[in-house]
Amino acid sequence: MAPNLRKSHPLLKMINNSLIDLPTPPNISAWWNFGSLLGICLMTQILTGLLLAMHYTADTTLAFSSVAHTCRNVQYGWLIRNLHANGASFFFICIYLHIGRGFYYGSYLYKETWNTGVILLLTLMATAFVGYVLPWGQMSFWGATVITNLFSAIPYIGQTLVEWAWGGFSVDNPTLTRFFALHFLLPFMIAGLTLVHLTFLHESGSNNPLGIVSNCDKIPFHPYFTLKDILGFTLMLLPLTTLALFSPNLLGDPENFTPANPLVTPPHIKPEWYFLFAYAILRSIPNKLGGVLALAASVLILFLAPFLHKAKQRTMTFRPLSQLLFWILVANLFILTWVGSQPVEHPFIIIGQLASFTYFTILLILFPIIGALENKMLNY
């Protein structure tokens, strides 16, 4: 009998072992769909991004009008742009839900997979930030100015670092061209890191809602989870296309319809919604360096998750106190997101400070304490 090409060919064998004959826990819920959804997001963003890059001009005098030209004169240019801009929002929705799932079900105990995932999040944030600068509207320009300026808080080398990043003494043409180069490069870096992420995941196999070893029960990925993933794709692409076609500017800032002007500061400088929680934490500390450190810590704290796990059970499925704390954390993140979009005035300042304090307290102090407490309760 001739050998099965799918199982013998060096390249097809790898694809087969990753997507077809992969042993998968039978009880993984819809929360395990977000990994593949992120893959679809990445592919969609790279495709629409390539098509947009073909019509974009990375020059301060032409960038804004080249984007307008794409929307007006290129066949379906408006659709490509709207899908790309809103696709970024869906990318972040999926990654935040994916991280939340990992946190709830203790997936961070696969340390390598978790750490590469956090690096992926940081790369995605960098990509989204440099991408937001490219249309060269008011919020693009001032967002770039404010965020790059944060590096000047680094003692001794800060100012030099900022001028080196800018390619001059302010955000100008060199900044725009290098941001375009970075925005083109980073998604391919994300794709490469994704393969590393998957390699580490397939070393251990997937976690499951019970957090127990499921080797004896595993089923093949295809057809069960390929079909489940296709359902996930349709359920994500439907709201994405709806948003892109019916209200494409819902999540954008109206300021960005005004071309960048270094002489006029917008009354309200704020990032896109997916950065607002971190922006609120940054603003809650009146000291520049302190704010920058808190901003960095708000995301880098994820690296500590495996070390803060004190419970005997892996997942929160049977840990009601941890569940309560988890949902308080989620609510707290919503509050931070809302505060980040508000002006810096009373009562938003104090709300932001309390929410930021709560965020770090829950993650660093309360989760380990509750985990240890639940261990004690198991003995009674």
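Quick reminder: no glycine exception, Cβ is built from N, Cα and C everywhere.
Feature annotations, courtesy of Swiss-Prot:
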| type | residues | note |
| --- | --- | --- |
| BINDING | H84, H183 | heme b b562 binding site |
| BINDING | H98, H197 | heme b b566 binding site |
| BINDING | H202 | ubiquinone binding site |
| TRANSMEM | 34-54 | transmembrane segment |
| TRANSMEM | 78-99 | transmembrane segment |
| TRANSMEM | 114-134 | transmembrane segment |
| TRANSMEM | 179-199 | transmembrane segment |
| TRANSMEM | 227-247 | transmembrane segment |
| TRANSMEM | 289-309 | transmembrane segment |
| TRANSMEM | 321-341 | transmembrane segment |
| TRANSMEM | 348-368 | transmembrane segment |
Long-range neighbours of the transmembrane segment (179-199), counting only residues six or more past its ends (CB under 8 A):
18, 38-39, 42, 45-46, 49, 53, 56, 58, 113, 116-117, 119-120, 123-124, 126-127, 130-131, 133-134, 144
By Cβ distance under 8 Å, which residues at least 6 away from the ends of the transmembrane segment (321-341) in the same chain are close to it?
100, 103-104, 270-271, 273, 275-281, 283, 311, 348, 351-352, 355-356, 358-359, 362-363, 366-367, 370-371, 373-374
I'm trying to understand the geometry here, so how far is the Cα atom of H197 (heme b b566 binding site) from the Cα atom of H84 (heme b b562 binding site), in Å to the nearest whole number?
24
Round to the nearest Å and give the CA-to-CA distance linking H84 (heme b b562 binding site) with H98 (heme b b566 binding site).
21
Densest Cβ neighbourhood among H197, H202 (binding-site residues), 10 Å radius:
H197
Cβ under 8 Å, sequence separation of at least 6 from the ends of the transmembrane segment (34-54): give me the contacting residues as numbers and ranges.
70, 80-81, 83-84, 87-88, 90-91, 94-95, 97-98, 101, 183-184, 187-188, 190-191, 194, 229, 232-233, 236-237
Those residues of the chain, 6+ apart, with a Cβ under 8 Å from that of H98 (heme b b566 binding site):
F34, G35, L38, G117
Provide the number of Cβ atoms within 10 Å of the Cβ of H84 (heme b b562 binding site), excluding the reference atom itself.
20
For H183 (heme b b562 binding site), just count the other CB atoms lying within 10 A of its CB, please.
22
